[in-house]
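Participant: When I checked TrEMBL for this same protein, it listed these features:
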- B:44-61: transmembrane segment (TRANSMEM)
- B:81-99: transmembrane segment (TRANSMEM)
- B:147-442: domain 'NADH:quinone oxidoreductase/Mrp antiporter transmembrane' (DOMAIN)
- B:150-171: transmembrane segment (TRANSMEM)
- B:183-204: transmembrane segment (TRANSMEM)
- B:210-242: transmembrane segment (TRANSMEM)
- B:263-285: transmembrane segment (TRANSMEM)
- B:297-316: transmembrane segment (TRANSMEM)
- B:323-343: transmembrane segment (TRANSMEM)
- B:349-371: transmembrane segment (TRANSMEM)
- B:392-411: transmembrane segment (TRANSMEM)
- B:431-456: transmembrane segment (TRANSMEM)
- B:477-498: transmembrane segment (TRANSMEM)
Amino acid sequence: MVTSSSLVYLIGLPLFGAVFLLLMGRKADKWGHLFATAMSAGSFVLGLLHFFAMTNRSEEERPITQTLFTWIEAGDFKVDAALLLDQLSICFVLLISGVGTLIHIYSISYMSHDENRRRFFAYLNLFVASMLLLVLGNSYLNLYVGWEGVGLASYLLIGFWNQKPAYATASKKAFVMNRVGDMGLTIAIMIAFATMGTVSFDGVKEAVDRVGTPTLTAMGIMLLVAAAGKSAQFPLQAWLGDAMAGPTPVSALIHAATMVTAGVYLIVRSNFVFDAAPTAQLLVVIVGAITLIFGAIIGMAKDDIKKALAASTMSQIGYMIVAAGLGPAGYAFAIMHLLTHGFFKAGMFLGAGSVMHGMNDEVNMRKYGGLRKMMPITFATFGLGYLAIIGVPPFAGFYSKDEIIATAFNSGGAQGIILGSVTLLGAVITAFYMTRVMVLTFSGKPRWDDGVHPHESPALMWLPMALLAIGSVTAGYLFTQGEALVHWLSPLFAKKGEYDELMPHSVVTVLAITAVIIGVTAALMKYQFKSVDSVVPTDVSLATRLARNDLGQDVVNEALFMRPGQALTEGIVAIDERVVDGAVRGIGAMTVGSGATLRRTQSGYVRSYAALILLGALVLLAGIWVVTQ
Amino acid sequence: MSTFITPVLNYAMLAPILVVLAGALIGVLIEAFAPQRSRSSSQLLLAVFTLIVALLALIRTRGTYSNKVAMNSVTFDGAGYLLQMSILIIALIAILLLADSDKFAAAPTAAPGSDEERQAQAANIRVTEIYPLTLFAIAGMLLFTVSSDLITLFVALEVLSLPLYLMAGLARRRRLASQEAALKYFLLGAFSSAFFLFGIAYLYGYSDSITFAGIAAAITGGAANDVFLLIGISFVSVGLLFKVSAVPFHSWAPDVYQGAPTAVTAFMAAATKVAAFGAMLRIFYVAFAGDVWQWRPMLTAVALVTMVFGSLVAISQRDVKRMLAYSSIAHAGFLLSGIIALNKSGLDATIFYLFAYGVATVGAFAIVSLVSDSSGEVSDLNRWAGLGKRSPWIATSFAFLLLTFAGIPLTSGFVGKFAIFSAAYESGNTAILITGVLSSAIAAFFYIRIIVLIFFKDPVEDGTSVVIPSMYTRITIVASLIITLVLGVFPAPVLDYITQTAFFLR
């Protein structure tokens, strides 16, 4: 039986792998990837053991903690480095280590020609360790360590091929935009510390009643900022598309299945804060809804297969954020969609990697076409993921998305109608752009460049894809069977309030399926039954042009943040140089000057030295005499 | 006819001093009779052996304290034990630098540039009188810190000073500067000794006693003529302040530090400071403590001026040895704060500071002796530019020692400054505290400027290079670095030991 004392090894194994491989250097090149995979797999097996152990315990006894050491102690304030494994974190542990291990396996083959493969695997292990720490920390401060760790790993992996300046820039962009979000988390922690005197989840949960709503609202908004940064939500979404510069397994693991969902985790984990701060909760919903549509629109116009998938990720996380913002009614569904999304989106990214692998690293879908026959396995696994994401029953995405749409409609009043419509509209667009990806890639006539010979990827690559595809097919059914996941998670959240069912669940299901049919049909009309140009058409509508440019997100960022930011730093530098440095230099010059003047007393003549001593003696005498009188 | 009283001597307690004196005398014999070839090594061996034996003899006396040793003229107590220990350890590190005997004049008695000197140089004569001279000086220093009457104090002062005057004139290169330094040191030393002696006379006149205890009793009694006491304290202070190079009695220091052979400067700067401050601690804590309200303002003023002056003038120095001289002046100011505090923590802090500063100083001068060109040591700071690129290890070591002088955390200098300023604060002397911290900031400026010069300026191509250190010099530098680092990172055991041990028998 596994006990709480083994929790540390969940993180320890991959962390050891990362440190060990980085320290070993080139010596470990031959077997480093296997070692890293074993570490990740070990973590997964341990996670499974913990999961089974947890299911055997009664509901109250399920959460377990392991205190590692006292981290910070200052007066009354004490933070332990402690790990908490409860019903929520075990879901993440299994997702992270499970999908992580599959992606390790996939990368063995995918990265086999890269001479820095060992370093890549070390970073992957570092990521897995940090992400596990993020979800296992028992306080905001412990979470923060993992939060920064995944940011670092993400930065290292996006810029893994940093010999290309554009890739290095992309990693920097991701890092900087994440920092904006991190600042939100920092402030949230400070608010907790200042007003509640504690930063642990339990402590904050208890303290919620003691502090006023304005405090909680502020903390909630800051947590939302943090979530938006990590999860690429409006208005901090711009980095995710560029993050696709990293190797494709990285995109699958970090920028689809796990790290980008950390924001959802943060909000769900902080449910007690948001439940008590309706304003913050409303903002969460708004941010999610905007991103949901925003990402979907961008996804419609992207020709780069990875960027199309990235836009889709953004949009799907929008769904999760909306669900998380709907309070106790939605938390479980947010997590459910997160898990199913983890399967199908990771599977599709790996599929995209497989396609690129066969197409000489081409990412432009307009240069694909007709790959169905050349890559049957990739087509099949990708196709299953496709069916899952657009929400065709009985695939995974259908269940989770359906629940979110229903919860949105039923959140009541005008908000319910607007949210329901938005999520439905999102479903239409999702169906459209995913069908577009599918058709452009696997169907139609080949539009390949000369000298490209598509071929199926080796087993080491398609096996993980197949396993993920199984997840994409079955996960949704398993989670909703007897409301398994909802019951599993419910002890962690407040009781759902009673609400009027605006729309019966069956109606929502029909609506959702209709939305899918509309989206798929529109896409088929446009791409399947017409020939597709391998050159990007230029005579397109303004809307398309906008969507191609990510709805101007970079322009906005530049105008709103970058230029004023640069002006500010330049101004500060000028002030620093003229005023601060000027003062310092002035004092310095004055000091040097006085030193030089005093130096003249050092004439070198022994007679003047003796005179000085005599003078000194007399002054001493006079001094004492004056004091005495 | 008065009866002759047989002096009773406690040989066990006097053993460290006697051992060093014996070693010095044997050294003189070696110099006279041993063949030229083996002199250098046997002298070094003898000196190191003597110091180790003295150290062991000192450790044997641990825990046995008495103020009746040698007819009440010498007091062995905790503070004396620690100070003697510091002097012996520092001397042990510093004496290894003397092993590079090509740094010393071949024929010290010959006029610079004379035929006699040229012949001596051509014959490659190495003179090793410096070892017995150093041992004599060490014996004087050991006695200086435990003297408890004014006559013994004066004798010890002269025993330690006279060899130093000679040693300063022994440089092999730039002999004129070296001899000028020696003569200046001697003349000014004699001048200040005269003040000292004058002060002793007044103190005797005031208290009718030459022992510290007698003076203390007279001050407590308070009946005698205050003017005598006032003049006595002032003039005795002049003699001591001269030795520790406090402003305005500092003017010899830069010239002597620069002119003397670097190895001698290292020993002089470190060990003399411990001895002189040790004696000063004793006389002010034991003899003059009752009169503190009279001398404290005077000494505070001296300390303030010394700190500020030393720090300011150090900035405009172009010569590394002069820079270190002014830095030592500034440090004298900081150390004075410990004496002025006149409390237990002031005593502890001063002893710690003395030891830490002494060790670091030896290391710094050892490194200075390595930077050279074909004609000898290069002490011009401009030519040190870019040293970090050519000799990263030496440059890093020097930078570390500079950081110690600047009092940057994780070095012994920080711990020492912190302790001594805490003691000053405890005694309510905020003027010292504020000025001390400000001058530390000024001082940090020039230390760090040198670090910048060494590491971030391009080297000048003028043949300045670092000679490969001999084994002895290497031991000196490494020992100094290790002690400095250990005292900086784990100061607690040493501080605790000092706190437990340091006290004055009155």
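Glycine is treated like the rest: Cβ placed from N, Cα and C.
Give me the local environment of each listed feature.
Facilitator: Remote same-chain residues near the transmembrane segment (B:81-99) are listed as 16, 40, 44, 47-48, 51-52, 54-55, 58-59, 61-62, 130-131, 134, 138, 141-142, 145-146, 262-263, 266-267, 270-271, 274-275, 278, 281, 351, 354-355, 358-359, 362, 365-366, 369, 470, 472-473, 475-476, 479-480, 498, 501-502 (criterion: CB distance under 8 Å, separation of at least six residues from the stretch ends).
Sequence-remote contacts of a segment are chain residues at least 6 beyond its ends whose Cβ falls under 8 Å from one of its Cβ atoms, and for the transmembrane segment (B:263-285) they are 75, 79-80, 83, 86-87, 90-91, 94-95, 97-98, 100, 103, 130, 134, 137-138, 140-142, 144-148, 153, 156-157, 160, 164, 167-168, 170, 212, 236, 240, 243-244, 256-257, 295, 299, 321, 324-325, 328, 331-332, 335, 338-339, 342, 347, 350-351, 354-355, 357-359, 361-362, 364-366, 369, 504.
Counting residues 6+ beyond its ends, the transmembrane segment (B:297-316) has Cβ neighbours under 8 Å at 234, 237, 241, 246-248, 250, 284, 323, 326-334, 336-337, 339-340, 429, 431-432, 435-436, 438-440, 442-443, 445-446, 449 in the same chain.
Proximity of distant same-chain residues to the transmembrane segment (B:477-498), defined by a Cβ-Cβ separation under 8 Å and at least 6 residues beyond the stretch ends, is recorded for 82, 93, 348, 351-352, 355-356, 359-360, 362-364, 366-367, 397, 400-401, 404, 409-415, 419, 469.
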Participant: Is it true that the transmembrane segment (B:150-171) and the transmembrane segment (B:183-204) have 3 or more CB pairs under 8 Å, sequence gap of 6 or more?
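Facilitator: Counting Cβ pairs under 8 Å, at least 3, so yes.
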Participant: Is the transmembrane segment (B:323-343) packed against any residues at least 6 beyond its ends, judged by a Cβ distance under 8 Å, and which are they?
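Facilitator: For the transmembrane segment (B:323-343), the nonlocal Cβ contacts are 244-247, 250, 253-254, 256-258, 269, 273, 277, 280-281, 284-285, 289, 292, 296, 299-300, 302-311, 313-314, 317, 349-350, 353-354, 357, 361, 364-365, 368, 381, 405, 417, 420-421, 423-424, 426-427, 429, 432, 436, 439-440, 443, 446-447, 450.
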Participant: Short question: which residues 6 or more past the ends of the transmembrane segment (B:44-61) have a Cβ under 8 Å from it?
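Facilitator: Residues 12-13, 15-17, 19-20, 22-24, 26-27, 30, 76, 81, 84-85, 88-89, 91-92, 95-96, 98-99, 131, 134-135, 138, 142, 472.
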Participant: Residue list, the transmembrane segment (B:210-242) vs rest of chain: Cβ under 8 Å, 6 or more residues beyond ends.
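Facilitator: Distal contacts: 67, 72-73, 75, 148-151, 157, 188-189, 192-193, 195-204, 249, 252, 276, 279-280, 282-283, 286-291, 294-295, 298-299, 302, 506.
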